[in-house]
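Data first, discussion second: the structure below is written as structure tokens.
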Amino acid sequence: KWHRIAHRSWSKVVQCILEVFRPHSPPPHTHILAVLLNPGCWQYGVMLNRFAAVSEVKQRLQGPHPTSPTQPSSIPHPGPPPSLQCFIHPSPVRYPSPPHRQGQLKPYYLMNAASLLPVLALGVEEGDRVLDLCSAPGGKALAILQTADPAPLCCNEMDPHRRDWLAKTLESFIPQSLSSTSEAGMYDKVLLDAPCSNDRSWLFSGPGGEQHGAVRLRERARLPTLQTQLLRYISALAAVRPGGVAVYSTCTLSRSENQEVVEAVLNTCPGVELQDLEEELALPLQEHFTFTPLGHTPSLGLLVVPQQGQTWGPMFLSRALWFEWST
């Protein structure tokens, strides 16, 4: 009976959450929700760590998987040959988490492969000064360090618990020689993977009754204001040098946290110009990700939606070029 009551209570909370993002998510809603509500169908990406010995892991990934007749494929990187290597499997096969071995860096990082897209959009090159503004848990920072050697990569996280999580991630994957402190300044590239509703986590963060659900919905309603503030002058754009690039991303379907935040910044920051990511990312990667049209010209960004067989996302990303103020 206790289990049955908890389940009924949680179903009401889930329904409340679904009602919030149904009007903000692109059609068809049923296919997207079917994936989000079924963790058993979720796929996982395996990003190799160039700072560790990965030849054995790579051999296993490139060979037939023991539970599937099909083989995993590597996500192509648009542009020059990179050191970034991420393998994905066409089936919901979860590769085991890397074990912790004293004195050894972990050879790979498990992730939702759509999380790589904001990093690819950032286009980090050797020697770039890069800021990862809301960096925890650290997956995108690790991906940045797989693509190039920035000078430096500054990982920022305000929440103390998430900052500890970030530190543990970096310690597990990055050599100690690359860790240092740096002063604030102007950056060539800034990534703002903003605090958001995180649709997957919201649906599976545990039953808390209708009162808890109402609190979460109020928190969700406040997020667009925070996201706009973080992207505007006080944080992301304030840290970009003239001619530099900022990438804004979330892992929600909500239009109010995605397109509307970008629109709000465009309307109040005349020094910002959006860059189209269609030819650079969407077209080369459409075999691996389901991109949905956002119905806006010019485009405000890209939105990856989860579908059966391509369960990556949700992931929204938008890239802006910051110009110097004209006088």
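Residue numbers in this text run from 1 along the chain shown.
For all residues, glycine too, the Cβ spot is worked out from N, Cα and C.
TrEMBL has this to say about the protein:
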DOMAIN    36-323  domain 'SAM-dependent MTase RsmB/NOP-type'
REGION    59-81  region 'Disordered'
BINDING   Cys134, Ser135, Ala136, Pro137, Gly138, Gly139, Lys140, Glu157, Asp193  S-adenosyl-L-methionine binding site
ACT_SITE  Cys251  active site, nucleophile
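Note: the Cα of Ala136 (S-adenosyl-L-methionine binding site) and the Cα of the residue listed as 'active site, nucleophile' are spaced 14 Å from each other. Of all the binding-site residues in the list Cys134, Gly138, Lys140, Asp193, the shortest Cα-Cα distance to Cys251 (active site, nucleophile) is found for Asp193. What surrounds the S-adenosyl-L-methionine site, by Cβ distance within 8 Å of the Cβ centroid and not counting Cys134, Ser135, Ala136, Pro137, Gly138, Gly139, Lys140, Glu157, Asp193, is the set Asp132, Ala141, Cys155, Arg162, Leu166, Thr169 from the same chain. Summarising the environment of Cys251 (active site, nucleophile), the number of other Cβ atoms within 10 Å of its Cβ, over all protein chains shown, is 22. Of all residue pairs in the S-adenosyl-L-methionine-binding list (Cys134, Ser135, Ala136, Pro137, Gly138, Gly139, Lys140, Glu157, Asp193), the one with the greatest Cα separation is 13 Å apart.
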